[in-house]
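Per Swiss-Prot, the features are:
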- 3-184: domain 'KARI N-terminal Rossmann' (DOMAIN)
- 26, 27, 28, 29, 52, 54, 135: NADP(+) binding site (BINDING)
- 109: active site (ACT_SITE)
- 185-329: domain 'KARI C-terminal knotted' (DOMAIN)
- 193, 229, 233: Mg(2+) 2 binding site (BINDING)
- 193, 197: Mg(2+) 1 binding site (BINDING)
- 254: substrate binding site (BINDING)
């Protein structure tokens with residue numbers, strides 16, 4: 001099923017320019033979105049809790065900073081750009097009680113809405129505007145007169161029946177219309193995003209990289225060569241895949257590499273298929289969300305342990321040395 005795609009020519013920027021936008025949070029996404037919106041001549045304020053370390057930065061960049069509940073009362077569109085696990089706590093206390101019909105609450109990821117962490121009264125719009133990339137890339141591409149792909153979705157219409165128009169206009173203001181704005185649903189965005197992170201982009205890639213590195217080390221190969229072959233060159237291949245696709249990647253590698261990839265892929269696919277299906281199932285049935293929210297409630301014991309342990313791994317120790325020349329170049 002093909003998704004509807006919208007470009008700059010299809011979208012009215014004036015819709016969002018006529019409204020007051022409030023950005024809750026000033027991390028990498030909050031900052032990038034606020035700056036892009038302002039450069040697109042959209043009226044923007046930032047909402048932060050009293051004492052937030054981000055207040056000086058937001059003010060230095062010229063934004064009016066309000067406490068969250070005041071921001072909500074002075075905005076037409078409120079974007080919740082906080083970590084997923086904080087949405088329930090912050091929104092139930094500082095946002096939802098102060099909302100009125102006609103307002104719109106937006107998210108950059110569908111997690112808290114799809115997994116029923118928050119809900120909104122009738123007449124309040126609930127939208128998704130999700131840039132397909134980190135805040136740093138969102139800002140960099142905008143400044144180059146380019147953009148990132150964006151996803152939009154409407155979970156709940158507002159009393160003005162303009163939720164979709166607002167979502168599209170907001171995405172255009174961030175540069176999304178330069179590449180393409182795709183319409184989906186909170187469910188599809190949330191579940192596919194989590195799956196991509198876990199099975200491929202973060203969890204899957206890290207597992208393959210670390211296992212490859214360890215396999216060569218245990219077989220007696222030099223650590224430096226293991227790092228170059230299994231970690232460093234990932235970027236070269238990823239760039240080819242990004243810009244040219246799978247077929248294009250194949251065309252840019254040797255016959256030896258291509259034949260070897262085909263031979264190695266077949267047994268790996270058999271192992272991965274069932275594992276990936278299990279990962280997706282745990283996302284779909286809410287098991288992952290439950291585990292993650294429990295982790296947050298316990299103050300992140302697993303994350304803290306894993307982060308500490310990672311610093312002591314051989315792959316990180318070798319990588320820190322080999323990455324130094326590249327860091328110097330920057």
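Backbone N, Cα and C define each Cβ position, glycine as well.
According to DSSP, the secondary structure content of the domain 'KARI C-terminal knotted' (185-329) in residues is 128 helix, 0 strand, 17 coil. If you draw a 10 Å sphere around the CB of residue 229 (Mg(2+) 2 binding site), it holds 14 other CB atoms from the protein chains shown.
Cβ neighbour counts within 10 Å, taken over all protein chains shown, single out 135 as the most crowded of the binding-site residues 27, 135.
Comparing the binding-site residues 193, 197, 233 on other C-beta atoms within 10 angstroms of each C-beta gives the minimum for 233. The binding-site residues considered are 28, 54, 254; of these, 254 has the fewest other C-beta atoms within 10 angstroms of its C-beta. When each of the binding-site residues 29, 52 is scored by how many other Cβ atoms sit within 10 Å of its Cβ, 52 comes out lowest. In this structure, the CA atom of residue 135 (NADP(+) binding site) is 36 Å away from the CA atom of residue 254 (substrate binding site). The sparsest Cβ neighbourhood within 10 Å, among the listed recorded positions (26, 109), is found at 109.
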